[in-house]
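Everything below concerns the one structure shown next.
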Amino acid sequence: MVEDATFRIAGLGKSFGPNEVLRGISLELRAGEVTVLMGANGAGKSTLVKIMSGIHRADSGSMSLGALPFAPATPAEAMRAGVVTVHQNIDDGVVGMLDVATNLILDRLNGAGRGTFFNPRRIRREAREVASRMGLAIDLSADVTELSLADRQMVAIARAMAHEPKVMILDEPTSSLSSSEAERLFALVERLRARGVAILYISHRMSDIRRVADRIISLRDGRIAGLFEDKPLDYEGAVNAMLGQNLGVSGIASQTATRPIFAASGLKLAEGAQPFSLELGAGEVVAVTGLVGVGKTRLAETLFGIHSPLTGEMHLDGQAYAPATPAEAIRRGVFLVAKDRAKTGIVPDFNIYENMSLPFLPRFSHFGVARRQAERAAARRQIADLKVVCRSERDDLATLSGGNQQKVTVARWLSQSSRMLILDEPFQGVDIAARHDIATKLRESAAERATLLFLTELDEALETADRILVMSEHTIVGEHLNRDVDMDRLLAEVAGGRAEYAA
Amino acid sequence: MNSDLAGKSVTEAPRSEDVGVRFSARNLAIRYGFLALLAGLIVFFSLATRGFASPQAAVFILQSVSITGILALGVTATLVVGGFDLSIGSIATSAMMAAAYVMVILEQNAFVAVVACLAIGALVGLINGLIICYMRVPDLLATLGMMFLLIGLQRIPTEGRSIAAGMTLPDGSTAEGTFSAAFLALGRHRFDFFIENLVPAAVVVLIVLAVLIWFFLEYTRFGRMMYAVGSNERAAEFAGAPVKAYKIWAYVISGVFASIGGILLAARLGRGDIASGNNLLLDAVAAALIGFAVLGAAKPNAFGTAIGALFVGVLLQGLTMMNVPYYTQDFVKGAVLVVALVFTFALLGRNGR
């Protein structure tokens with residue numbers, strides 16, 4: 001079996017400063033097989049890809065391609081050696097201002113020994129060859145900007161194939177494709193597999209993985225947590241390995257809802273997704289868990305008025321609720337601590353109290369003039385409540401650590417009473433102490449409102465929630481009370497076992 | 001007062017090295033460097049030339065920067081929301097031409113002229129804002145297009161000629177209207193301030209507008225939200241702010257301020273001169289950008305803009321009184337701007353705000 005291993009990695013290690021990202025990775029990719037790489041955020045997937053594609057260099061360990069050692073210093077060198085990467089961001093793989101034909105052979109225009117002038121007819125001819133080899137049915141004279149995302153993705157892959165690679169890395173290739181578009185991509189992947197390419201396929205989507213995987217490697221904390229290649233593949237085992245085994249024990253006093261606050265019925269978030277219902281009551285903390293890309297953020301932002309649902313009705317305190325803007329949601333008492341605080345939470349030029357009062361300035365204003373003393377007093381209360389480490393409420397946000405910045409963004413929405421508080425990945429990039437402070441405060445203050453958390457990490461959900469909902473493919477597929485969680489069923493649901501749940 | 005309040009409720013985290021940094025020479029230089037430079041310049045010119053240190057010279061400097069200062073305060077509003085307005089210069093000259101047209105050719109009074117100008121400024125600002133927010137044209141390109149459009153448009157009613165009382169109209173008749181005395185007073189009246197006839201109306205307008213926009217940006221919730229929009233648009237949206245409305249308002253403010261500058265220009269010149277106002281845009285933008293460096297703000301701010309305009313005025317007046325030739329003026333302005341920008345982005349940027 002060793003002879004047919006096209007690509008071998010042995011003991012690969014990589015650190016960024018004190019942060020050890022890869023701790024000895026060893027794996028093999030074989031010709032004509034699709035190896036799926038799974039891993040949560042921060043498990044080291046992208047670092048591994050970057051080392052394989054020549055963007056980063058490994059600190060230790062070695063790679064080999066066939067019989068030759070493989071240690072690319074630049075992406076171009078990796079490509080010449082036969083390892084080609086199609087990156088997650090589709091537009092990195094194509095040049096929007098040029099037509100499809102030029103894109104397909106773009107790399108050939110760059111090599112040494114090429115003339116200064118190019119012959120459009122020859123470009124067409126070469127591009128046609130590439131396209132027919134890949135079964136690409138796209139108008140070659142079209143501008144790339146006119147193509148759909150899926151077609152752009154196809155062009156990027158076909159362009160990569162023009163190098164006749166031995167190894168192809170596809171980094172979450174379906175993350176921005178619809179399910180029918182993804183189907184075309186899978187056909188292309190099968191074509192590549194049939195041509196004997198070793199494919200490393202990185203994805204979170206269980207439906208993709210079920211569709212294309214020949215074997216699965218789970219990555220956790222920079223180590224291989226599991227290799228699954230016996231048919232039928234053990235998908236739940238792979239998810240379990242990726243999420244870790246230290247699940248189960250939770251020390252929280254489970255609360256049940258006192259009275260209903262929010263109800264949704266027939267809610268449909270994406271084309272082709274199953275509609276679902278959702279009910280939330282006062283006093284309970286509900287966590288929605290599921291892999292990346294299953295629609296958790298979509299649901300959070302739909303409840304907050306950033307998107308509207310395709311179908312379905314929502315009610316808040318017995319009255320119809322269909323917010324068109326975040327402002328309307330806030331007026332109704334629905335607050336969202338959004339994911340990725342740097343992008344959607346923090347105003348970097350503002351200090352702590354200005355960040356905290358941001359959504360509530362009208363309440364802190366008198367004839368349009370902001371009352372800073374009141375803002376600062378409110379901010380000081382929140383700082384003490386959540387144990388934010390800072391000199392004063394006038395500190396710039398940039399001077400705070402990540403955990404404290406997150407405390408400030410959570411404190412912003414805790415500073416006023418709400419009917420429903422939604423937190424999307426509130427523990428991302430937060431150390432354990434800060435996570436504990438935030439979770440404690442959330443549970444303490446939950447009595448009068450509904451609290452909904454969106455968490456990819458299962459142990460975070462088990463640690464903080466009374467009730468756990470599981471999302472998969474833009475719908476809710478399971479529900480568990482924290483006091484008696486059936487871990488096997490929960491993991492199966494996370495891994496997309498909707499059929500088993502329904503049965 | 002802050003520290004004792006904070007001491008009760010804030011979890012103290014004494015970080016001695018940070019406290020040390022706050023009072024270091026480098027931070028003092030960042031905070032007060034530009035103001036010290038301005039004071040130094042004033043002292044230097046007062047000693048080096050005769051007559052610089054007089055109320056009249058001070059007022060003259062203020063008058064020389066009044067129109068560009070008003071435009072700069074307007075463009076500051078668009079900078080605050082993360083935009084830019086290149087059309088302010090041509091809005092001002094369009095307003096000037098409109099004022100002349102309304103009084104000289106349409107024979108209306110000063111009030112009608114002023115209202116017409118303000119309406120033009122507000123309308124152009126509104127169109128700019130709508131194009132940027134709803135047509136998603138980048139701000140620089142949208143306002144650049146508007147600049148060209150207005151430069152051309154203001155010449156069409158008079159077939160490319162300047163407007164003055166008694167001019168010959170395209171149909172051969174003579175214009176009957178004149179600039180009204182009340183309108184000209186905006187450019188020429190001087191208020192008594194300790195000394196008789198000291199302060200020109202334009203300077204009073206500048207000071208009033210500067211205080212207004214400063215208060216608006218610093219102390220009202222609308223100003224705070226505009227800063228939030230400029231600093232992190234998504235975060236402002238997620239905090240419930242109507243982001244587009246704030247942006248459009250910023251361009252309306254910019255347009256109205258520019259039209260006020262145009263009114264004062266018309267009142268000073270007493271005619272609608274198609275050749276004037278060429279430098280307004282660049283001078284105003286320079287003042288607003290120099291303002292980034294004042295008090296180490298590293299962001300657009302009304303106080304900084306006013307100081308920036310004043311800085312350029314002091315420098316040019318001083319150099320003129322020292323007989324430095326006029327043609328070096330643009331070079332001096334450019335040099336000050338480059339130094340201020342380097343100061344802002346290299347020094348402050350490394351400091352992490």
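Cβ coordinates come from backbone N, Cα and C, glycine included.
These features come from TrEMBL:
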TRANSMEM  B:32-53  transmembrane segment
TRANSMEM  B:59-81  transmembrane segment
TRANSMEM  B:88-106  transmembrane segment
TRANSMEM  B:112-133  transmembrane segment
TRANSMEM  B:140-157  transmembrane segment
TRANSMEM  B:198-217  transmembrane segment
TRANSMEM  B:248-267  transmembrane segment
TRANSMEM  B:279-297  transmembrane segment
TRANSMEM  B:303-324  transmembrane segment
TRANSMEM  B:331-349  transmembrane segment
*asked:* Under 8 angstroms for C-beta pairs, at least 3 of them, ignoring pairs fewer than 6 apart in sequence. Is the transmembrane segment (B:88-106) in contact with the transmembrane segment (B:32-53) by that rule?
replied: no
_Best-contacting stretch, by C-beta pairs under 8 Å, relative to the transmembrane segment (B:32-53) and drawn from B:140-157, B:198-217, B:279-297_ = B:279-297
*Other than its close neighbours in sequence, what residues sit by the transmembrane segment (B:59-81), given a CB gap under 8 Å and a spacing of at least six beyond its ends?*
88-89, 92, 139, 198-200, 202-203, 205-206, 209-210, 213, 217, 223, 226-227, 229-230, 246-247, 250-251, 253-258, 260-261, 264-265, 268, 279-281, 283-285, 287-288, 291, 299-302, 305-306, 308-310, 312-314, 316-317
*Which range out of B:140-157, B:279-297, B:303-324, B:331-349 gives the transmembrane segment (B:198-217) the most CB pairs under 8 Å?*
B:303-324
_Give the nonlocal contacts of the transmembrane segment (B:140-157) in its own chain as ranges (CB under 8 Å, at least six residues past its ends)._
84-87, 89-91, 93-94, 97-98, 101, 105, 124, 127-128, 131-132, 274, 281
